[in-house]
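Working notes for the structure below.
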Amino acid sequence: MTYSKHWQTLYINVNLATMSDGGNSYGEVTQAALAVRDGKIAWLGKESDLPADFSATDSEVVVIDGKGQWLTPGLIDCHTHLVYGGNRANEFEMRLQGRSYQEIANAGGGIVSTVTATRKASEEELLASALPRLAALHQQGVTTVEIKSGYGLDTSNEIKMLKVAGLLADELPVTIKRTFLGAHALPTEYKDNAEGYLDVVCEEMLPQVVNENLADAVDVFCEGIGFSLEQTKRVFDAAQSHNLPIKVHAEQLSNLGASELAANYDALSSDHIEFLDETGIRAMKKAGMTAVLLPGAFYFLRETQLPPIALLRKHQVPMAVATDANPGTSPIHNIHLMLNMACTLFKLTPSEALAGITCHGAKALGMSESKGQLAVGYDADIAVWNIDQPAELCYQFGVNPLSCLIKDGLQVLMHNKK
Ligand code: NIG
Ligand code: FE
């Protein structure tokens, strides 16, 4: 393939996994063509059906022979915490010696230890450490990433994290969605005063985040070691009063009913959900929510409780898949590995797994009208893969089959040139 910087591009001799079938299939179109105009997908279908106005003989159009490769939507990692200071390798060692994630958190480690390191780091240092993490995802075909705050836990440091997340978009051609997660853990200065901390979250942090336009959504860690259902409700009320969509870390280590609560607020997604029950699933379905599966955290914490995949399927709740990249429960910056784990650990079908990081990832971010599918009018965020069939993306990892990455119609990465 040749490198293109043109606004009108026609890809011929390609196969498409359009991901327009909600994960029931890949939405395959073989022997296809796809036309890009002004950063959007202008036409796609069988090459033999190509209309005259997209014809390969039009001199305005740059024609690229895809040589039988596969095109998918650019990948979407809809749940990450990839801006943070320090790392928690010491806690990894402690867990291997038998201490649990909860024990370490209750003893003052866990999220709070990353808070100390994040507060110490300057904006420049946070940006420098986050960039290679984002670059790794981008090299794997990711064109949209969600990044949460939640390691600042005071106003200036939460704002600092969100600003750094925004700055990453100037460094790499990746769409960044930011989520305010002030209610991630109790900072030590508010130990035994959760209500006092939530006053700050709701009455100081959130208004400032909104004023400076630093977040697209609000998230809460609702869990025994996080915030109770009542406390979570307070934050949801505040988010709603600012018209910000809601996401929730829910049912990860126990079932507190956070998914059902989030459904009352028409939340975008409930994430983790290993302990989610059918009542919660029904509520999520009714509210049009997406279930975000995080196999990296399940694996890294050696969890045994599987998320209720069969029930999610039964109630047709869309399942997204994400890395949850973070220093405590998923220091894994590999979206291909998530595809593999979603299949091997959670028994998703390969087309469901791929939907999890395309159309359903977009839905979890409220972007299902513009991203996550190859469809006319959608953003031309497209990954080109040197593979024979889409299931290969889930089947192997470690050799990167990405051949080319297109963002808003422009080729921004080329490797494994075919
Ligand atoms: O998604 N569950 C809460 N938050 C993160 C973990 C954060 C951490 O341990 O640093 C998660 O798993
Ligand atoms: Fe998370």
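Note: Cβ is positioned from N, Cα and C throughout, glycine not excepted.
What TrEMBL records for His79, His81, His249, Asp324 is Fe(3+) binding site. Of all Cβ atoms in the shown protein chains, 31 besides its own fall within 10 Å of the Cβ of His79 (Fe(3+) binding site).
Secondary structure from DSSP puts Asp324 (Fe(3+) binding site) in coil. All protein chains considered, the CB of Asp324 (Fe(3+) binding site) has 30 other CB atoms within 10 Å. Per TrEMBL, Zn(2+) binding site is recorded for His79, His81, His249, Asp324.
A simple way to gauge crowding: the CB of Arg88 (4-imidazolone-5-propanoate binding site) has 22 other CB atoms within 10 angstroms, across all the protein chains here. The feature 4-imidazolone-5-propanoate binding site is assigned by TrEMBL to Arg88, Tyr151, His184, Gln252, Thr329.
For Tyr151 (4-imidazolone-5-propanoate binding site), the number of other Cβ atoms no farther than 10 Å from its own Cβ, over all displayed protein chains, is 31. The annotation N-formimidoyl-L-glutamate binding site is assigned in TrEMBL to Tyr151, Asn326, Gly328.
For 71-389, the entry in TrEMBL reads domain 'Amidohydrolase-related'.
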Beyond the site residues Tyr151, Asn326, Gly328: chain residues whose C-beta lies within 8 Å of the centroid, for N-formimidoyl-L-glutamate:
His81, Tyr84, Arg88, Ile111, Thr114, Gly150, Pro327, Thr329
Check the binding-site residues Arg88, Tyr151, Gln252, Asp324, Gly328 for any whose Cβ is under 6 angstroms from an atom of ligand 2, and report them in sequence order.
Asp324
For Gly328 (N-formimidoyl-L-glutamate binding site): intrachain residues, at least 6 apart, with Cβ closer than 8 Å:
Arg88, Glu91, Tyr101, Gly110, Ile111, Thr114
Given the binding-site residues His79, His81, His249, state which is nearest to Tyr151 (4-imidazolone-5-propanoate binding site) when distance is taken between Cα atoms.
His81
Within 10 Å of Asn326 (N-formimidoyl-L-glutamate binding site) by C-alpha distance: pick out those among the binding-site residues His81, His184, His249, and say none if nothing qualifies.
His81
